[in-house]
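**Q** Annotations for this protein, taken from TrEMBL, read as follows:
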type    : residues                               : note
BINDING : Asp277, Lys287, Phe324, Lys338, Lys342 : CTP binding site
DOMAIN  : 5-176                                  : domain 'Flavoprotein'
DOMAIN  : 185-396                                : domain 'DNA/pantothenate metabolism flavoprotein C-terminal'
REGION  : 1-188                                  : region 'Phosphopantothenoylcysteine decarboxylase'
REGION  : 189-402                                : region 'Phosphopantothenate--cysteine ligase'
Amino acid sequence: MFKDKNIIVGVTGGIAAYKAADLVSRLKKEKANVEVIMTENATKFVSPLTFQTLALNPVYVDMFKEPRNYDVEHISLAEKADVFLIAPATANIIGKIANGIADDLLTTTIMATRAKVIFAPAMNTNMYLNPIVQKNIEYLKKLGYEFIDPAVGMLACQTYGPGRMAEPADIVQYLKNSFYSKDLIGMKFIVTAGPTIEPIDPVRYVTNHSSGKMGYKIAEEGQKRGAEVILISGPTNLKPPEGVQLIRVNTTLDMFNAVKEYFDRCHALIKAAAPLDYKPEVVSDVKIKKKNIENDELNIKYIRNPDIAAYFGKIKKDQIVVGFAAETNDLIENAKEKLINKNLDFIVANDVSKDGAGFKEDTNVVTIIDREGIITDYPIMDKSEVAKIIIDKVKKLIEDKS
Ligand SMILES: Cc1cc2nc3c(=O)[nH]c(=O)nc-3n(C[C@H](O)[C@H](O)[C@H](O)COP(=O)(O)O)c2cc1C
């Protein structure tokens with residue numbers, strides 16, 4: 001993800017400095033070039049050797065040390081940075097930068113950079129809530145500096161409250177989001193995901209194997225690139241992507257009604273959900289009991305649910321409607337038929353019986369068929385890569401219409 005990116009990590013003198021080692025290691029795993037600048041005080045908590053070993057680069061501390069090369073370090077690091085991350089950020093460094101103080105290598109380099117600077121504060125709760133610290137944070141935010149809020153929890157100083165540095169995994173995720181190009185600002189997408197469930201009686205229901213992973217990845221891709229995303233999801237165990245508007249539904253009719261509420265105001269409906277086509281005609285309001293008779297049977301009559309893709313495909317005006325065809329046989333014929341009958345803009349077909357393409361997999365093997373009848377086969381891919389292809393295609397179709 002961070003290939004060819006220069007990330008400068010500033011480490012300051014807080015107990016969370018040890019977590020910065022994990023952070024640097026994660027950034028390296030994502031292929032970033034990481035350069036670490038430590039304050040003198042930070043070296044009292046963790047040795048520069050730790051960071052040097054993890055970053056595979058020299059660690060900078062002293063501004064007046066013999067130059068290792070002919071660059072002036074605070075200028076060369078400031079210029080090469082794609083992003084500056086101060087983690088952990090002490091109350092001291094926040095105060096210094098807010099007040100224009102540049103009295104060591106880290107503060108001087110931050111002052112000299114035009115790159116984005118992101119602080120991950122970590123400190124005792126009283127320090128964090130101190131109005132002076134809060135005023136400094138607000139002031140820096142106004143100037144365009146970014147902050148990854150600390151978590152609430154038990155701190156090293158045995159107090160409970162806000163002040164614990166955000167987890168390294170969350171900091172890496174924040175950086176990933178900030179590197180995304182925001183090419184979908186102003187667009188509004190509805191993404192449906194997951195299965196639906198249809199009750200039989202108060203304790204039983206029917207459903208299918210859909211995990212929701214594909215739809216959640218599509219919602220995440222759209223949101224990261226600046227679109228407003230409404231994710232209408234059947235029951236899943238997935239963590240919803242940050243920043244999307246999540247609407248949870250149970251039945252196919254619930255999903256249909258939720259889409260109906262937002263459809264007029266959206267640019268695209270991406271229907272990655274697997275809603276149940278049928279539902280029991282009668283839902284018993286008491287638990288159905290088995291009978292003590294020989295050859296006891298239970299017959300449930302199923303009736304049709306609304307066809308969400310077909311309904312919105314037919315009534316759409318300028319919206320792009322994307323369908324999915326999860327099939328186990330005659331994939332292309334079935335998908336083509338759906339594309340035409342439901343008046344979709346394109347359809348993403350996958351044979352769920354293939355290796356690497358099932359509902360619960362993290363990968364998918366898809367074929368995209370568009371209105372012009374062009375059929376494109378894709379190799380096995382991570383669902384996030386498939387999501388990117390789908391979102392790129394949706395974006396192009398929206399732009400072609402405007
Ligand atoms: C054991 C110990 C832990 C500390 N933890 C923090 C901390 O988590 N956050 C913070 O803002 N300051 C903390 N401090 C205070 C800073 O080290 C002090 O303000 C120092 O001047 C920061 O210098 P720097 O910002 O140049 O690294 C701690 C001090 C000690 C002795």
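Each residue, glycine too, has its Cβ placed from N, Cα and C.
Because TrEMBL annotations are produced automatically, they should be read as predictions rather than curated entries.
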**Q** Based on DSSP, name the secondary structure state of Lys338 (CTP binding site): helix, strand or coil.
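**A** Its secondary structure by DSSP: helix.
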**Q** Which Cβ among the binding-site residues (Lys287, Lys338, Lys342) has the fewest C-beta neighbours inside 10 Å?
**A** Lys287
**Q** Under 8 Å between C-beta atoms and at least six apart in sequence, can you list the same-chain neighbours of Phe324 (CTP binding site), or say none if there are none?
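**A** Once residues fewer than 6 apart are set aside, Phe324 (CTP binding site) is near Met214, Lys271, Ala272, Ala274, Ile347, Val348, Ala349, Asn350.
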**Q** Give the number of CB atoms, excluding that of Asp277 (CTP binding site) itself, located within 10 Å of its CB.
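**A** A count of 14.
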**Q** Give me the mean pLDDT over the region 'Phosphopantothenate--cysteine ligase' (189-402), rounded to a whole number.
**A** 94
**Q** Reduce the DSSP letter at Lys287 (CTP binding site) to three states and note it down.
**A** coil
